[in-house]
């Protein structure tokens, strides 16, 4: 059995619905057989070698072909096949096989965004116009498909398809290849892994389409944010009005549908075998950026684990110069929940915009309170207001908890606006409360809760308004102060700019990285709350095919759009250089210079575990001055440092590898961040900077040390010229703390007259190692 640190291919727990029967009657399930770097350039030869391996195992060519689910033959070598446990073990024991693992399932994790980030078309000299809006760049998206009729995929004024494109569009149910154009240049679907497990999936009864066509709207929304064309005069029933467009509005979109809608569960699910096939095809087709708003439920798997499928596919993509952008997950605000943590992936957190939807609530004492809602119905004039509680002389059951409103009798809530309190920030709490009140004949709901970022319209445009506990208590005190409390609720308004502050979203998954704590995740943050973009026309709450959605799923394509522009401007930059440019130039405040907070309980100032380097600053990222670059040798150093065995590394990279003894330190991995999770004794680490700015330049170091941490940099000045383009420096770090601490944060900046190249410092002192303190 190979080491648990062996480099492997990804999959996840199979749900056991597959009933394929092998020779001995044992249950067969889809397994992914990972063979590492492909040994031949001819994809047909690679696939034939996969069939031969299966033929040798199963005994006949027919069985080999019927067992095969996918052949991975472009970016790497491997295949997915239906195998019994014993068959999988026989393959795993072959020397040419890196690993075999069962298939598994992943889940799916803008009118204002781009102006907010400074990418306005009104400025003739900016990144957007300097790159012709990304016209020669191809953004590949692995998601739930595409709704090709949406206006955001119009190709008005767009030139010929880029010459490096090798892909195409595949016809299927309710989708023909003719629906592609010079904007939507690719559309494929991958369902074999899904069908092998969900054999009961009935295409005639399912709401999904066995084609690239989107059912859920998620993929269409993501594609809009990354590279949608201009569509003017869009709003949601009058809210958030403006022009919808993507970050790179002339970039080309290639959709790879690998996520499928399960009607009985009302969810999208994505087979790891299908995800890998989609990534493999995208590498072959010639995409420049790969965007995946897909994640796996916690706990996560290291990139050395077979189940970390996206990490494995992403590694091969990055080696081919393709930047891979992934959502960080929606499991916040708890710490150590960030996903997609492989160090070659650009992992994205979600923030709010400088936009809100204040909703006037007027009490009977004329006090005005501004709640938050997406209420676009008519004004609800002064109406009875109630908080269900026992007045002291009743045997009835009362509850003012939003989750328990069903305990109240109908006459308690009928014809009234109901105030309730909840500790939850999840939208399901609001929707449940609305359902209870509507069934009882109520006319509206005011929900008092912790601050959250899950604002959505309520069904049938029912008045449902969120307030915090302080304002909720003000309303409750008013109710208790009078015998006939009343309230008026007016439609929501759109407020843009100051005084609306930027926050890291409550749901956005947080660091530190639970897999490899020395690798900072997330890398960067971008708007992902209440983003208005295209969807399918059958979606609830859509207005003319546009909808508000929130999630790191929306933040990731924002970064993908920025990456597309940077790729158009700097064709020779590696994925690591692009990541560095984005991270080192990010705002640590909002665009107006105000501090960024992180939603949670309690709300706090954001730190690198909330937003990585900060909020993306596209204009600055275009001219970073210096970058922390990475190449194959750096990735090999990283793999050696975290314990990959040499055989696995060799198979992965396609050439012999020998790790040094002693093994290198992961702290020397040339990331645009420094994270030390277990500082006890003094450590010295190395970073290397590459000049991508002015040929003759001088940079001086500026250090903001974490509290109680001593940081020394040598040398303090870096000189670049025509012969010196790469310079290394050493960072010596020690602690003055005498106890185990939490993380403290600082920064290290290299500055000249034009650039500030900043990386976050995150340091935790651990005098007693591997110790968990619950005091």
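Keep in mind that glycine also has a Cβ here, set from the backbone N, Cα and C atoms.
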Annotation N-linked glycosylation site per Swiss-Prot: which of the candidates 395, 454 has it?
395
Compare the Cα of residue 553 (active site, charge relay system) against each of the recorded positions 174, 218, 645, 721, 756 and report the nearest.
218
Work out how many Å separate residue 645 (N-linked glycosylation site) and residue 143 (active site, charge relay system) at their Cα atoms, rounded off.
33
Taking each of the recorded positions 553, 721, 756 in turn and counting other Cβ atoms within 10 Å of its Cβ, which one has the fewest?
721
Please give me the CB contact count at 10 A for residue 538 (N-linked glycosylation site), counting all chains in the structure.
13
Candidates 538, 721, 756 (glycosylation sites) - the one closest to residue 174 (N-linked glycosylation site) by CA:
538
Calculate the distance in Å between the alpha carbons (Cα) of residue 538 (N-linked glycosylation site) and residue 721 (N-linked glycosylation site), and round it to a whole number.
59
Within 10 Å of the Cβ of residue 174 (N-linked glycosylation site), how many other Cβ atoms can be counted across all chains shown?
12
For the glycosylation sites listed here (129, 410, 645), tell me which residue's CB has the most neighbouring CB atoms inside 10 Å.
645
Integer Cα-Cα distance in angstrom, residue 721 (N-linked glycosylation site) to residue 756 (N-linked glycosylation site)
18
